[in-house]
Amino acid sequence: MSLLRRIVRNSTVSKAVPVAKAFMPYPLGRDPSSLPKLDPVSISYIDSRPISLRYRVRAMIEMSNLDEASKLSRLAVLNGFLVDRDTVFICNSVIGAMCSAKRYDDAISLFNYFFNESQTLPNTLSCDLIIKAHCDQGHVDDALELYRHILLDGRVAPGIETYMILAKALVDAKRFDEACVLARSMSCCSFMVYDILIRGFLDIGNFVKASQIFEELKGLDSKLPGREYHKANAIFNVSFMNYWFKQGKDEEAMEILANLEDAQVLNPIVGNRVLQVLVKHGKKTEAWELFGEMIEICDSETVDIMSEYFSEKTVPFERLRKTCYRKMIVSLCEHGKVSDAEKLFAEMFTDVDGGDLLVGPDLLIFRAMINGYVSVGRVDDAIKTLNKMRISNLRKLAIHQAP
């Protein structure tokens, strides 16, 4: 067994480390002195109302006030606020928000403050956020350096998402040999990681290598976990379906689709991937048919994939899961179907309890409705919605009892 293989296996066994083990700072990909400076924050920065720090930070992030969220979050690692279930959640929330806003230097600066300077123990998500930040900026080697540090340190184990982020970055950089070594180093085979390799090889026209990987994984000695075997093969087949469409061989592509079992296609992961391919290649009839079958199990990704078609047909909203309302409202407004969005928007308010202020429409939904009303000339409704948004935000700030 190779050294790398042993390291990966051992890193997943236990997170415990000897007390005497010296702390090794997490690599940041840059000189810490070059990062944005963080002003000192003390406990006196916040008022004495009995509101949890976690709630305060979430409220600021929801209102897109990331600088205030950053200041508040830095209290999470102080002795007066350390809470096992909240501390790392708060850290990850603000780092993730900074990454979503593409404020990568701020995200890395916060990571350094929380997990190097304050020596709070991160979790896998904490590291994944920074690994992805490096990859998004094209700094793949910096991402790999942090990954290797995690393996050697042993207190945090890389997860499937870690390997997916790195595999995609390596494939995008045409570093296929390294991507293959990375995939083989996983202690537990993930079909999502191998699918990234298959799609990468197909994208550069290496059908033979993609097929070789597929055959190895569906053979009798497949490394795939038994419970994922059929779903994995369906995902791989969809990647080949996309390849044949790109080659202009629709008949071969549709034959793959016809051979997929209903139980496989109606799995959200597989179904979304099929929808993505159908929409990408203009197969509207087939996409709508599948969406109709999936609507009761669809998620926000399904809605996102189908969004460009919503202006063409009526969506059966009564069968839509409420977890999809957010994406659906934004999508409908963008495509001028404000009346349909309005119905879902009103329904979100019916579920809001007087004291449950983080339920119901968030800032993104309010903005979508306001822009939607303006785009169709309903200025009065836009103003009413703006006032509702202000009241909602004020209630978040004025609450007197922690959730």
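Cβ atoms are placed via backbone N, Cα and C, with glycine included.
The transit peptide annotation in Swiss-Prot covers 1-18.
Annotation comment: Swiss-Prot describes 87-121 as repeat 'PPR 1'. Cβ atoms under 8 Å from those of the repeat 'PPR 1' (87-121) belong to residues 23, 25-26, 28-30, 32, 35-38, 53-54, 57-58, 61, 66, 69-70, 73-74, 76-77, 81, 129-130, 132-133, 136-137, 155-156 of the same chain, restricted to positions at least 6 beyond its ends.
According to Swiss-Prot, the repeat 'PPR 2' annotation covers 123-157. Computed over the repeat 'PPR 2' (123-157), the whole-number mean pLDDT of the model equals 97.
Feature annotation from Swiss-Prot assigns repeat 'PPR 3' to 159-189. Counting only same-chain residues 6+ beyond the ends of the repeat 'PPR 3' (159-189), those with a CB under 8 A from a CB of the stretch are 4-5, 8-9, 12, 124-125, 127-128, 131-132, 135, 138, 140, 143-144, 147, 150, 196-197, 199-201, 204, 217, 223-225.
Tertiary neighbourhood of the repeat 'PPR 4' (190-224): same-chain residues 160, 163-164, 167-168, 171-172, 174, 176, 179-180, 182-183, 231-233, 235-236, 239-240, 242-243, selected by CB-CB distance under 8 Å and a gap of 6+ residues from either end. According to Swiss-Prot, the feature repeat 'PPR 4' maps to 190-224.
Positions annotated as repeat 'PPR 5' by Swiss-Prot: 233-263.
Broken down by DSSP into helix, strand and coil, the repeat 'PPR 6' (267-297) contains 24 helix, 0 strand, 7 coil. Here Swiss-Prot flags 267-297 as repeat 'PPR 6'.
Feature annotation from Swiss-Prot assigns repeat 'PPR 7' to 321-351. DSSP states for the repeat 'PPR 7' (321-351), grouped as helix (H, G, I), strand (E, B) and coil, give 26 helix, 0 strand, 5 coil.
Within its own chain, the repeat 'PPR 8' (362-396) has Cβ neighbours under 8 Å at 59, 62-64, 326, 329-330, 332-334, 336, 338, 341-342, 345, 348, counting only residues six or more beyond its boundaries. Per Swiss-Prot, repeat 'PPR 8' is recorded for 362-396.
Listed by sequence, the residues of this chain that lie at least six past the ends of the repeat 'PPR 6' (267-297) yet keep a Cβ under 8 A from its Cβ atoms are 231, 234-235, 238, 241-242, 245-246, 250, 253, 257, 260, 305-306, 308-309, 312-313, 315-316, 319-321.
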